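Per TrEMBL, these features apply:
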| type | residues | note |
| --- | --- | --- |
| DOMAIN | 29-352 | domain 'Glycoside hydrolase 35 catalytic' |
| DOMAIN | 414-533 | domain 'Beta-galactosidase 1-like first all-beta' |
| DOMAIN | 558-618 | domain 'Beta-galactosidase galactose-binding' |
| DOMAIN | 662-916 | domain 'Glycoside hydrolase 35 catalytic' |
| DOMAIN | 977-1096 | domain 'Beta-galactosidase 1-like first all-beta' |
| DOMAIN | 1116-1156 | domain 'Beta-galactosidase galactose-binding' |
């Protein structure tokens, strides 16, 4: 019977009966003696729920493919030594392992199959698909030199291959080819005997279809088997790759076995993608070579459970180069991890339709998979990890630090996945004892003493270089600063994924601890080992436990958190948004879903139906290593990126990291015999940028400092869960220096009566371990509007002490009197006079306070600096009216008792005398330290100039937007927006005629420069009245005539806007502090659209294109000079800015602060020795 158009692939290639399979006996493939170009895509059945196999196969067929390729993972199918699972075999993954069903379904959907049965498969899969139990009895793997390894392969193949043999094309099945091993050339070995042994095993077990190998052509024939087809793996330069392949063999078909459609992700790296244009170009070059192709991978998928693999940068057992792979295996493939179409999918469909000459019908693509974002659910219960340890089904006593694979469990197959706990009881741990883990941790470790976490919590990527992670050899940790008797020490070690690729020495992948552990150089012996495998049966037992406790906010350390997702209708796939969590795993209905790690790039976990979600109640458990969240959020899209909750408490990677070591500060205060009062916010005022609130809040909230905005309260809660446990350790009752905590700051000034907001903040303090005194502070004239029932009120003022303190005491009975802010001076706004308070006035008010009597906190006692862009501002008007904007200077000297640069003033002596004469507790008061004077270095010339235009041309970050948007809304910094500095709005090819008028709708926020083709067009200010004109914040709907007489034609228009500091004080409407341009821009009354937007923060960006000398000082520019200072001579200094106009100063790449010639308050920029130039 002749096959007509509209036939299927099977009809075409089996018409007249099957007489032969896939043949490589000529320069092109034939199947059943008919020419065939293989259009294949990789689909790993073990990475996709069984319920979706047919859906994905249908979509592959609808793309025009004729073949599906898959690996077969040994470690799942022989899950314990001698125990096999090919569906319903009793393992946790039995529902993913119906191999026969998968292949039969492929045939039903009109797809042939290429099978890669291993034993090694790579695939970024745990241990490359090898079962971990082979490590117990072998000295190497993937080698003919280890008879035990070969015997295990032979045993496994004797079970697997007969199953596959029945499904061969010549037996009326779908399989047309089998791969021998996988990329063996990448091992660097030339063990042809090993590969021929595998070849013979295939033949001995009934395999008669085409055999082949696959490697990158660059390895030559190292992974080849004589007489067996070689195929190529690559993702670039197809013609060269295929030419090289064909030079290795004659008269053979050309086959690209792995055309990498995207790439996989390692934790801590960026998310990988390959653009559609590049993908299409490479695919067409492959097909037009001509070559058959298998797209690796075609179906994005998931490394469910603990089954992600890892790379390794180094040979042997050096673990410092471990590169663990993420749970997501989306791969930027034509079909996504959740089965939906991408641009690449339609590229494939179009490219194949143009080239396929076989008269077969291509079905329409099925409907996309529906994804939903379920409502957020609250954490209801929690359980400490010690419960799991103490209730482990295995307890192995009297051992040392043995790796998990060697443990005598699981019918002597050892432990494959999860965590292993090493416990030592009855330890007497001296103060400052040092724990040393010799060798490498494999792969992460949590250290607990009596159930409390003592190892550090990671805050940023560089922390992975320190204790607790795989990169550090012979890592050490100071356990406790006080002696602990009869302690229980737990070391919880996580297998983060075994290496799946590389040289043979890199496959000695034991996990856990493999070397001794010491405390003060005394080796720990008689250690008990507890495997935590998180198997389904164990997890279901855990869910049935009656020991779950009510959720408690602020918990730190390894804990299980439980929530319930109730689905009333048919369940749909979703993603769990893990951005609020730190590190660990997620378990759904007893089955481990995957891993989370806040450092990214994966920030969500794909949660499908099938073995996971069901209609009704779904139990979701998060095992969190460090700090959990109070809820579980869902998303309808995957989330990739770096850490979205970046915290810095010193060394955290922010530009201010050296200023943020709050723990060091608190310890130093105690060492210097000082108690501490802390005001942790979230709002602090302090004449600080945005009152200490992060600008990214503006993206997410409609209001701040209110209980009415749930998102705002969520972010406060998240921040406090990180901050307050850090501070709690330093409370006085915990042996530290902190005696009190302020709730919010001067809330009475907002004019609100939102007691609920203040009560919620108070509860956050309590929930996060704060036990010291809580208080509020306000001006007493606000009549207690910022107070909390039962919480101490304190007073802020700078005069009329008796009247203020009388009012304070009228607001509360039987409470101590505390002046929380006695203002010792005042701060400065640009363009105003410098503010001071005389020593006599200061003395009189201070003595009045002390003699009232009242305790007192001097605000400020130590003058400081608003480094970088971190000065705040005030505003005279409510709402977003910018007319009354009052930016604060970089100097925060405050006329304080100790100056900005650390020197004593007359007020310092007044304080010392006043306290000495009144303090009833006669403590020793040390002599004041000697002052190291600042110096005036010699003047230095300007050596180089760089035009603003040059800087802009060298910046890589450019965003396109139809309309202008403020800096906070830019999709930058992991969608945190731009916080500080400058933002440039560029319009290319705009026609500027004579007398053209540029109009900036609304207010400029806060200053603006207008350039045309790099030339400054806006006026330079000459006196303070110019601030009422174009270029500054006071004018609404400001206009500028760009060209008074000339027709400039098509030009590049640049509008550079400076954020001069966000408001830090006032009513709630004054905190909508978006910066840049927030309204439209017009030229001759025509709205300008189609902008390029460029953020400029000068945060470490390298500047290229310096000119020698200075050429044109009228153009906005960066100027550079060099100051040579020898180490022994480095001193603080001030930079005299009186000859400059307006801008910022950078020293060694650090933005010191702002200058403005109109500000007599700050004619100098204070430069600390810590950041001044040490070498030219």
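Every residue, even glycine, has its Cβ placed from backbone N, Cα and C.
Note that TrEMBL annotation is computational and uncurated.
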DSSP residue counts for the domain 'Beta-galactosidase galactose-binding' (1116-1156), split into helix, strand and coil: 3 helix, 21 strand, 17 coil
Contact check, the domain 'Glycoside hydrolase 35 catalytic' (29-352) vs the domain 'Beta-galactosidase galactose-binding' (558-618), 3+ Cβ pairs under 8 Å, seq sep 6+: yes
Confidence summary (mean pLDDT) of the domain 'Beta-galactosidase galactose-binding' (1116-1156): 91
The domain 'Beta-galactosidase galactose-binding' (558-618), counted residue by residue under DSSP: helix, strand, coil: 0 helix, 35 strand, 26 coil
Summary of DSSP states over the domain 'Beta-galactosidase 1-like first all-beta' (414-533), given as helix, strand and coil counts: 9 helix, 59 strand, 52 coil
